[in-house]
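Take a look at the structure below.
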Amino acid sequence: MSFTPEVVSRKSGVGVIPSPAPFLTPRLERRRPDSFSNRLDRDNKEVNVQVILRCKPLSEEEQKSSVPRVISCNEMRREVNVLHTIANKQVDRLFNFDKVFGPKSQQRSIYDQAIAPIVHEVLEGFSCTVFAYGQTGTGKTYTMEGGMRKKGGDLPAEAGVIPRAVRHIFDTLEAQNADYSMKVTFLELYNEEVTDLLAQDDSSRSSEDKQRKPISLMEDGKGSVVLRGLEEEVVYSANDIYALLERGSSKRRTADTLLNKRSSRSHSVFTITVHIKEESMGDEELIKCGKLNLVDLAGSENILRSGARDGRAREAGEINKSLLTLGRVINALVEHSSHVPYRDSKLTRLLRDSLGGKTKTCIIATISPSAHSLEETLSTLDYAYRAKNIKNKPEANQKLSKAVLLKDLYLELERMKEDVRAARDKNGVYIAHERYTQEEVEKKARIERIEQLENELNLSESEVSKFCDLYETEKEKLLDVESDLKDCKRNLHNSNKDLLDLKENYIQVVSKLKEKEVIVSRMKASETSLIDRAKGLRCDLQHASNDINSLFTRLDQKDKLESDNQSMLLKFGSQLDQNLKDLHRTVLGSVSQQQQQLRTMEEHTHSFLAHKYDATRDLESRIGKTSDTYTSGIAALKELSEMLQKKASSDLEKKNTSIVSQIEAVEKFLTTSATEASAVAQDIHNLLNDQKKLLALAARQQEQGLVRSMRSAQEISNSTSTIFSNIYNQAHDVVEAIRASQAEKSRQLDAFEMKFKEEAEREEKQALNDISLILSKLTSKKTAMISDASSNIREHDIQEEKRLYEQMSGMQQVSIGAKEELCDYLKKEKTHFTENTIASAESITVMDSYLEDCLGRANDSKTLWETTETGIKNLNTKYQQELNVTMEDMAKENEKVQDEFTSTFSSMDANFVSRTNELHAAVNDSLMQDRENKETTEAIVETCMNQVTLLQENHGQAVSNIRNKAEQSLIKDYQVDQHKNETPKKQSINVPSLDSIEEMRTLFSQNTLSEEHTSLEKISTKQGLGEANNRTPFLEVNK
């Protein structure tokens, strides 16, 4: 907070009449920056507003009524936890602050931990602000002011921030024995009006105006707040400040509410300004200025809970309005809004520099732990928590020169005296108060702008002078460096000359040493190569001996393998003979079984045909009986018709009764005839069904016999094919194993021969003359011996492989031929079986069609009889109904009916005869087809028997051929390699030892070499010849 009072305060006991001119801050001295500017740069960093939270204890009334506590404070972790449940809704929030003080905290601990560092900053020349914020009745005024001072002069334990800060400032300054001056102001903001609480009483004013002096609130050109009419009191001790604080507090507006017995109804600002003389190195005296603003805000108030009415309600509304504006300013600063509503309230205008300005600010948020104040407590915590994010840019106040300050104060005092004198004498210029105030404000703004520009000019000049000094310093350093560089170059040139001379001498010595070194190194290299060559030859000889031993071991393994092959082939021959015998027995059994099945099928076929012939004869006899019955019926009907015609002419009167009786007799006769005809037709139908079942049974039996024959033939084929495949696979595996064995032997022999020749040739080229001659002879003999042995073995293996391959190829051809013949036979058998099946199916289909035709015709006859019976019944019924009415007409039409009846029975007779003839023909045709089917089946059976016999003969011959060829291949043609007498015997080789080779080395004397090196060094030092050469030091060769 930065505001300027209008009038310079009075010394004690001396009253000064205030003038209309505002107080002007003394002009700064034009001077060069000092070391204090570094601290200004350090302090220009942004810092957050410090927020301290204090929770008051529950009051006595709250404790008596057992009000629940909803706030818990953790001072160590600096946390405040709000935990409460309202209508099944839980409130659980956690807040972190810079410092937290619980209900049991003391005034001294709060001041020492939170406020004392701020007072130190004030004494360092900064402007600082401390203000209390919170709900009414939470202890803001108690925190800022505290209890009354004791008479003895010591601060009580209840003393607040303001008295403790005053005592701290005075104690620090007195301890430093500093030269200082201090001024204080105390103002009140009530209902948006600023009043001076330290103003003197005036008898010309009313009792209300004596206590309240209005203060004008304005802003200068830089945005700082200017308070017109505010007086400053100069103080010399802490007791003076305590007295002023008690006097101003007594004038402050308070009231009794339900929440607080002494509730502050206004905001108060107590400001302490201190000027301290600073010690300097020269004669110049500087003064640093510090300012401490202690603000006690009125508490936010709930009108319903506080019981405020009328004027108190308006006061509460203004208080809440100003605090709400303060909250909006805090939100705008936290959210970095482009517009901050400072001008919405005088409170925020006064605190403008403390919130986001150049002042260090500390907020003390006070809350109540009671559940009744939960809403206000949460609001206070939210605003305080958001205020933590406000950033200020603290700047130390500019230091002043004491002489300039005294001069300005003297000029100001003289100007004020002239104004007082002019006012008494009424000799001066009088203008409107508003115009004068505006001109003074503009004048002050211009003066401050000029001062700012002068300060910037001074800073620029100081920087220019600083850079000039720096340039001169760097120039001097550059001259010194150039002189040093010249000396270094001269020394470097002399050192290079000496280095060249030393290099020439060094090169001459090195050339001599190189000659000796080359000679010794060549001798050493030749000796080393000889020893290495001898070692290599010895190693090669050892390898050759090992290889020969391996060769003999391999030959022993080959003999063992040949014996194993012979035993394996014998075993294979016995297994092959046993498998062929089993195959022959299986084929003979299958053939005999097939012959038996064919005979059974033939017997079933003969029995079926005989039974079918008997059934056909029976059918013919039944059809004849049916024809006789029908013929007798027709004859009876004709006789009856003639009798009716004779009696018709003589018995017309008795016609009714006689016709009725005759009709009944005709109905009975027709019913009997129909019954007999139905019985005959049913017998025919049953007989045909029996014939159909017998035919189907015979066909199924024949088909099952053929299927069994086909399955047995397939089983014979599969077993034969499996045996032949096994024979072929075994023979092929034997051939492949022998071939792989021979190839492996040949490859190993070739590799050994090539390796041995290469080693021998390499040894011949590298060995010395004598050793080379001995080794070449030994190598040539062994090479010839191994080549002969390997060539003989290879030729024998090739011949044996050819013979085995030819024998196995013959066996494979025989097995393949037998397999092909068997496959052809199976294909033929399958074709015959398919044809037989088709023929049987066709014959069955024909028989079924004939039987269905017979059944259809029998059903037609039955239907015809039923139709005739139904027509006669209908005619009789109609005739009975019309008999009484049409007796005479019936006599006339009797002849006509007789003719129709005769023609109808004639047509029926003819139709029945034709159908009976057709039935006889169908039965005869079926019988003929059965005979043809019998002949075909007998031919097929005879063919199958012949083919089975032929298969048996061919199979026996093929098995005999396979057995003969296997016996010839495995016993007669198989030969075993007989090479034991031709194989060379194992001989021992004399290999020289390493010690005998090491004895060939030439011994060198280390002393002789050392003497030669010493003499060479002395000679090279004396001569000093040669050019510079980058050579490594000479090393001893034999190390």
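Positions of Cβ are set from backbone N, Cα and C atoms, glycine also.
As given in Swiss-Prot:
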type     : residues                                       : note
BINDING  : G134, Q135, T136, G137, T138, G139, K140, T141 : ATP binding site
COMPBIAS : 1010-1020                                      : compositional bias 'Basic and acidic residues'
DOMAIN   : 48-390                                         : domain 'Kinesin motor'
REGION   : 1008-1039                                      : region 'Disordered'
Mean pLDDT over the domain 'Kinesin motor' (48-390): what is the value?
81
Across all protein chains in the structure, which of the binding-site residues Q135, T136, T138, T141 has the highest Cβ count within 10 Å?
T138
Tell me the coarse DSSP state (helix, strand, coil) of K140 (ATP binding site).
helix
So how many other Cβ atoms are close to K140 (ATP binding site), meaning within 10 Å of its Cβ?
26
Among G134, G137, G139, the binding-site residues in question, whose Cβ has the most other Cβ atoms within 10 Å in this structure?
G134
Three-state secondary structure, Q135 (ATP binding site) (per DSSP):
strand
